[in-house]
Every structure is written in structure tokens, then in C-alpha cells.
């Protein structure tokens, strides 16, 4: 039996790992968050205008945000790339042999790219977005998954509410490249005929015939669900997420606390109170929220003094969330960037090299913070109008989820003090309005410096530090 290897601590993530010949061994899992022992293929099912692409995009965004490398493969886009000009619904008629041939080629091309992503490029989850309305087509895709060692999970969206279908056609399909420069009524008529092309051959997932498959059926945008044979942790998280999202129009308001006493001094973390300008912002925020006349607004804060002081000025009930507390800077709490450079120059450089994954000694990383904030995202997806009064790093993580920003971009998103971001979910994304409330505040945003080498001179390490007292 081999003797246990010596351990060393990874300087970036502060994770203990074996080492040999004076160098750390490769970590057991190098592909982001390992939640499954094999890749997962998510297969969308449903007629056109049932929200499949909406679900695909949201699911892809969520999984990437929690650290699971995920990519969406929209077969409609493959078809548009192959057939540059869309003429009419006749392309989708079941007896259109040329159309059938092209659509099959597009599906196969998408599956080849799925295989490349999951088997060669280190992907964990692929979302195959197409109608997949026949049992024969789904069997072909399932066999493809089995042959390549993937777990297959079907997501079917069923909608019989005419109002929801009509709204989906107007919001999404008429903005499709297929209908650019087409009359609205003409486009609607054509799209309705396109749906008819699929209806006669549509075979929904069946509790008896498909009892061996893993799937979730979503009825009328979340009115009810059927879940069958959830196979692993990643599938259970997918189900949990899909059971929390809704399409009710709403807005989410994100802002930081008012300027704090430590903000003025350029010190990070701590639990300070508001500065005079911070208290002024809290009053302005109260007026802004009152002027917006938001129906059934919920207000959330962290459990830190500065967010609670900000919320108190609103004069409305609010809920404190410990998970909304600012990132824990560990041994660097309440230090200025200059003091961190003086006392921990190696740590300061390592953080600049990979700000998302870097973990403060005895503290947290942005990666840790994202995992901590997942319950907040789930609850935000369930709620309607919410104001979240939080902190710079926390706001960056929440904003990255809604705007689909990569991990490398997340720690550098600009979230200035005394500014409210109004996020309004739209068809395939999120509309953002930035509202500055006309109360001056210090700048706390530090860009990544050009020189991130551990041997850099102090002046190059500190070149992007914002001015402070």
C-alpha cells in the first residue's frame, strides 16, 4: 500500500492538496464544480411558442453562474445558418422532403457540437434546444447520449392557455430573424401554421411509455409539474430551479448601502455605520421608492449595520439575510489596499491574477460568494418586485447572474454607491436601468492593474486604487 502523500496549501484557493517533488499535484477535479460523474445532456421538448428557448437560456445562465460549464445548442439557429432566407411555414410541412433533410442535417450538426463540447472541451451540461416532439426523435437523442456516456434529462414545456401562447408569439417569435421586415399579422399567421405542422405528430412524454426516462414536464408556465426518475444531484438542481422560475412581469432593484465611514477611508469590509452622505442617500432612496409606487415591494438587506441603516430610512418592513453580508476578507478585513500591499504583497498579487477564484486567508472568494448567494437567486426568481440593499461584491454576483456575465468579468462589474439598478426581465435577457440619486459618494471600484506579477513594485500594484482619505 502506498504511503499517504504530503499536503500543501494551494496559495490561490487555500485548498489543501497532495504534492510531490515540491509541487502540488493536480486537484482531483479541475473542471469547475464537479456535481456529476459524467456529463449531462438536457433535451428540450415541446411545440413552438411554448417557452423552450426561454427555459434553455435561463437554465444555461443559471448553471454557468453556479460554476457548471454549460452551453446551449439551438437547432433553429443551425437551420438559419444553413438556410439564409426563411420563406414560409411550408419548410416545416411533414411531407416537405427537402425541409426534412435540412432539419435532420441541422440536428446532427448540433449533436456533433454537443459531443465536442462535452467530450473534448470540458463541458458538464449541454442544452439541446429543439422541438423533439416525436418519441422516435427522442429515442435517437437518448441513444446518442448513451453511446457517448452522457446522462440524458428531458424538459418538456406544455402550454394550452391561448393567452400565454399568443403573448409568447408576439414577444419572442415576431422578433425572430425569420420574420425581419415581415408584416406583424402575416408573421403571426405564418407562425401559427408552423405550429400546426408539428401538432399532428406531437407525442408528449408519457408516464407509462416513458417511465424509464428522466424528465420534468412543465404545464402552463409552472401551474403544475410532473417529475420522473431524477438521476443525480445536477438533475435535482435543474428541477428545483425550473420549479422556481416564473414569467410574471416584475422588476428587481439592486443597490448598495449608503456610503459608510470605512468607504471614506478606503478600508474594505468591517461593519461600519453610514457617513453623513450615506444617510443623505438613504433619504433619497426612500423618496425614489415612494415615487416609483411599486406594487407589493419586498425589501431585503444583509445583517450588516450599513444596509440596515439604509433600509430604516425607507420606513417600510424589510427582511435581513445573513447570506447577503459582504464578502469576508479574512485577515484583510478593515485594511486599505495600501496596507494589504504592505503586509501581504503575495496575496494582493494572487488576487489580481484571478480575482474570482482567489480566497482571502481565513476569508472568502467570489466563487464562495456565488455559492452562498444561490438561495437568494432562487428566491428572487420566485418573487415579484424586490429591492435588495446589499454590498459591492454581493451586488456584482447578483448582477452577473441576471446579465449572464462570465466568472472573469464578475469581480470587475461596476456597482457604484448611491446608484440604483432596475432590472426588468424580458424575453431572453434583462433590461437594465441605472439611476443615480444625485448624492455624491467616494469611488470604491478598483480595476485590474496591468502588472499582476508577484514581484511587481508597489506603485504598479496600487496604480488602480481609487482615491480616499
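In case you wondered, yes, glycine gets a Cβ from its N, Cα and C as well.
Since the structure is predicted, the reported quantities are computational estimates derived from the model, not experimental observations.
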The beta-D-fructose 2,6-bisphosphate site in Swiss-Prot lists 263, 269, 306, 337, 351, 355, 366, 392, 396. Which one of 256, 372 belongs there according to the record?
256
Can you figure out which of 159, 391, 444 (the recorded positions) comes closest in space to residue 54 (ATP binding site), comparing Cα atoms?
159
DSSP-derived structure type at residue 46 (ATP binding site), helix or strand or else coil:
coil
Quick one, of the recorded positions 171, 444, which Cβ has the fewest other Cβ within 10 Å?
171
For residue 171 (ATP binding site) and residue 159 (active site), what Cα-Cα distance in Å is obtained after rounding to a whole number?
16
Specify the count of other C-beta atoms within 10 Å of the C-beta of residue 129 (active site).
24
Given a 10 Å Cβ-Cβ cut-off, pick out the one of the binding-site residues 54, 428 that has the most other Cβ atoms nearby.
54
